[in-house]
């Protein structure tokens, strides 16, 4: 196990965690404010990824990056106004059933329209290469194209796909923008107050409903960003929504229901756990250990969940009384 | 048909001066339970009315119905404030029309500072006193503006709850148990704040377990019993009439 492979495992962990984080943030944002467990959040990712494929083909990737989040924002508001709002006063099980229903309908409609298989989602030419990281005194052949980043602790040099690095950066920027919106704007102040006591805000003349609706739109928009940037990495097929929803929901539970910071930490934790098990499985020589690690790779995410929830039943940053 | 319905309040103005605030045969339910059973009373401008009655008489429910809270739900009746039909409004619309409820338990928003609690009150249309004016009247709040509001004492939180209502352009102040859970010295402090509210001339309905304190502040009393108005008259009369107090207030 070299420093280079550990470095790459960390980057891979960040990239896996980034997709989980984007989806889990939307989930926890909607749960924390509206109290709705949105099992259709994976379906929003799915819609975003399919929209992105066709927008990229017809209008170019640059425009797809701008358009898809906007489309999802509008779609999110339409979904909240058209269906979800009728379930605020109903039990969580009803909410889960209806949002799960939406997820199944979306999945089947996409299957019917575009088939059950992966559809190709080609990276734009500007995002297709590899980024080269090099250590002190590394002798990098001048012929290697692309971006070069010095990383003093590396031995020689290492490559990481540029697109996956971009995904990490976009996620960081999105998370920062969301935190800034909630912490430093008046809109965010009202939302935070509305999460704590929506009725009191109404007594103060605030139309909480419309703000929560916009917030649902923002949650969907984040799924949109995840779909455009994550689509080429996760692939685009009708089942990918559900495949991502399960670990993302685990992220929310591990982080503590309704806690955004918790979701972030948990997303990183799961990303790293996945990446490191895969990395170790590839690195060990002993065949029995390799087999065990390969098997562990399939369940490591759930194993982390079990351990965390045994020690902290409300999750890392969970508060008493939420979803109980 | 519509014209006739809309002309009605105007007719009322023509015959007699319309009251500033009026609840007309108001019926409201908490789910299946029938709580407010035809409450009917008026409040004149700048008047302070003590809304009294035993536990479960429907005082808080009446205040919440006037503030157009989702619960209890208004089934029938009309509520008018300065010519505006509150009964046709949602909670936030009623607040924008000038109703300010200072609820039981004060409902200070946790996780927000004192100042943020006040700012949140000024987000919607027609804010009232600017922060500077509030701090001038409530120096204690000015000192604690950056403190997490929920960590303040009960009296300070009550102060903030009243200040938050003044941060809105209010026409009718609804006070629900402003003295509840406060030590006697703090009660006197809140009393002086409410005296000032009276001096400014804010029309107020006050619900209070401590009926004597409420009556000393109020011009008139409305006593509820079993969800309807059992008595209304000058506050002094209730203070003077021991039988009346005994019958409806058990004091």
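The backbone N, Cα and C atoms fix where each Cβ goes, glycine too.
Quick caveat, the model's predicted, so the values are computed rather than measured.
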Transmembrane segment according to TrEMBL, located in which of A:77-95, A:96-114:
A:96-114
Might you confirm whether the transmembrane segment (A:7-31) is in contact with the transmembrane segment (A:162-182), defined here as three or more C-beta pairs under 8 A between residues 6 or more apart in sequence?
yes
By Cβ distance under 8 Å, which residues at least 6 away from the ends of the transmembrane segment (A:261-285) in the same chain are close to it?
1, 5-6, 8-10, 12-18, 20-21, 24-25, 27-28, 175, 247-248, 250-252, 254-255, 293-294, 296-297, 300-301, 303-304, 308, 315-318
What stretch, picked from A:96-114, A:203-229, A:235-254, has the most CB pairs under 8 A with the transmembrane segment (A:7-31)?
A:203-229
